[in-house]
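Everything below concerns the one structure shown next.
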Amino acid sequence: MSNLQEVTDATFDEVVLQNDLPVLVDFWADWCGPCKMLAPVLDQIAEEQEGKLVIVKLNADQNQDTVREYEVMGLPTLNLYKNGEVVKQLVGAKPKRLILQELEEHL
């Protein structure tokens, strides 16, 4: 299981939008196979980027308000938030190298 912090509709604003660091939110669900494949990749990235990037998980089935607000249509979806705004969105499970490449300009 992942070591990443879980956020909810109730904690999203404080943990994600008010964070001084960029925050990558993994929108996932228990039934989503690609989400499970992505989890260890995100754990690795979180360790390697510690101090530069925060990665958290949000269960899409249990936190529908946030899913609707950010128009998340497919899972897994990775949204990168910086200064309270979405600056990048990645949909689908991607290899670590491609995720880092997509995030690089924002870190």
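Cβ coordinates come from backbone N, Cα and C, glycine included.
Its own atom aside, the Cβ of CYS32 (active site, nucleophile) has 17 Cβ atoms within 10 angstroms in the protein chains shown. If you look up TrEMBL, you'll see CYS32 (among others) marked as active site, nucleophile.
Sequence-distant neighbours of CYS35 (active site, nucleophile) (same chain, 6+ apart, CB under 8 A from its CB) are ASP26, TRP28, ALA29, LEU75, PRO76, ALA93. Look at TrEMBL and you will find CYS35 (among others) tagged as active site, nucleophile.
According to TrEMBL, the disulfide bond annotation covers CYS32-CYS35. CYS32 (active site, nucleophile) falls within neither a helix nor a strand when secondary structure is assigned with DSSP, and so counts as coil.
Per TrEMBL, domain 'Thioredoxin' is recorded for 1-107.
For ASP26 (site 'Deprotonates C-terminal active site Cys'), the Cβ neighbour count at a 10 Å cut-off comes to 26, with all displayed protein chains included. As annotated by TrEMBL, site 'Deprotonates C-terminal active site Cys' applies to ASP26.
The Cβ of GLY33 (site 'Contributes to redox potential value') has 10 neighbouring Cβ atoms from other residues within 10 Å, across all protein chains displayed. Here TrEMBL flags GLY33 (among others) as site 'Contributes to redox potential value'.
Counted within 10 Å of its Cβ, the other Cβ atoms near PRO34 (site 'Contributes to redox potential value') come to 13, all protein chains included. The annotation site 'Contributes to redox potential value' is assigned in TrEMBL to PRO34 (among others).
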For the domain 'Thioredoxin' (1-107), the number of residues DSSP places in helix, strand and coil: 39 helix, 28 strand, 40 coil
